[in-house]
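So the structure is just underneath, and the comments pick up after that.
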Amino acid sequence: MDEVIVELKERSYPIYFDYEGFDRVGDLIKKHVRSSKTFVITDSNVYPLYFEKIEESLRKSGFDVLYEVIPAGETSKTMEMAQRLLEVAYDSGLLRDSSIIALGGGVVGDIAGFVAATYMRGIDFIQIPTTLLAQVDSSVGGKVAVNLKKGKNIVGAFYQPKMVYIDTSVLGTLNKREVLGGLAEVIKYGVIWDFDLFTYIEENLGDILRLKKEDLTYIVKRSCEIKAKVVSLDEKEENLRAILNFGHTIGHAIEALTGYERYIHGEAVAIGMAYEARLAFNLGYIDEGYLERILNLIKRAGLPADYEGIEKTDMLNAIKLDKKMREGRINFVLPVGLGKVDIVSVKEEDVLKVLK
């Protein structure tokens with residue numbers, strides 16, 4: 001079993017990489033929590049696939065297991081759902097030394113983490129991500145949140161898990177769309193930090209899309225190493241961590257304007273990366289050759305690079321509602337070189353020029 005540590009001094013925690021199913025997960029979790037009472041939050045897609053295996057491992061390790069199944073999808077990530085889960089936790093007798101386990105993708109991790117962060121001012125939290133996107137991105141770093149109708153992740157906190165358990169064998173049960181959505185975040189890491197990873201994806205895309213074990217294992221672990229490094233250097237997104245938002249400024253606007261239903265998160269991020277790369281080219285930060293490599297990789301991966309049916313002014317207004325707006329200008333993470341990005345304050349008129 002491989003391991004990567006997110007270094008946060010006394011709050012450091014491990015990311016475990018396992019490839020043999022969930023037999024060991026109960027014993028691993030036992031090392032990192034304070035009591036045997038745990039509340040597993042999962043969704044309607046993941047529950048029939050993995051809950052019994054997780055429950056069996058937890059019970060063998062002496063855990064008293066409660067669980068709740070929420071509807072799959074972004075529309076479950078609401079204050080109303082969080083309140084329901086908080087009430088279930090209270091009615092079930094969860095105490096301050098109890099724990100919450102997120103078993104699922106990014107939505108489950110976000111809302112379960114939000115519940116863990118707020119219940120009794122914070123109880124132990126464990127991440128078991130089951131989608132590629134959650135494994136490479138949302139399960140690591142402690143961002144937890146719910147959406148409001150007008151914006152994504154508006155209500156949330158920084159709340160680090162006690163551990164993350166990643167088993168890449170579960171990715172074989174994902175539909176192709178979910179795999180591609182996760183791959184968008186991996187491409188992001190190549191653009192913002194590690195151009196060797198970008199090149200690796202270009203050269204091994206076929207094997208990655210066929211879910212070849214060696215290639216999946218490499219891109220998942222490398223992505224986690226990059227995110228762990230960034231989070232260790234800037235936990236609360238005061239400066240460096242903002243680079244992880246490449247593609248997300250426009251991506252979040254697209255999600256909000258389409259009601260979180262037309263595009264899954266990774267698809268919206270892919271479109272966001274494409275437009276933010278075009279913006280970087282228009283402003284002179286990258287040359288046409290690099291722009292084309294970014295756009296071509298997004299398209300070769302089967303991801304969208306354009307949005308449909310959204311007016312320019314609506315898009316601009318949604319971008320301005322995002323958390324990245326400062327003093328009349330919009331902060332974008334833009335590529336400025338191979339595997340390098342910078343935070344750039346952009347005028348509204350320059351944003352309008354690049355939008356459809």
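Residue positions begin at 1 at the first shown residue.
Note that Cβ sites are derived from N, Cα and C of the backbone, with glycine treated the same way.
Source: prediction; values computed, not measured.
Site annotation (Swiss-Prot): Zn(2+) is bound by His248, His265, and the candidate from Glu87, Glu185, Glu348, Glu349 recorded at this site is Glu185.
Just one of Lys143, Lys162 is listed by Swiss-Prot for the same NAD(+) site as Gly106, Val107, Val108, Gly109, Asp110, Thr130, Thr131, Lys152, and that one is Lys143. In terms of C-alpha distance, the listed binding-site residues Glu185, His248, His265 place His265 closest to Val108 (NAD(+) binding site). Checked against Gly106 (NAD(+) binding site), the binding-site residues Glu185, His248, His265 differ in C-alpha distance, with His265 being the nearest. Across Gly106, Val107, Val108, Gly109, Asp110, Thr130, Thr131, Lys143, Lys152, which the record gives as binding NAD(+), the greatest C-alpha separation is 21 Å. Between Asp110 (NAD(+) binding site) and His265 (Zn(2+) binding site), the C-alpha separation comes to 13 Å. Listed in chain order, the extra residues whose Cβ falls within 8 Å of the Cβ center of the Zn(2+) site residues Glu185, His248, His265 are Leu133, Asp137, Ser138, Ala184, Lys188, Gly247, Gly251, Gly266, Ala268, Val269, Gly272. Residues within less than 8 Å, Cβ to Cβ, of Thr131 (NAD(+) binding site) and separated from it by at least 6 positions along the same chain comprise Gly104, Gly105, Gly106, Leu171, Leu174, Glu178, Gly181, Gly182.
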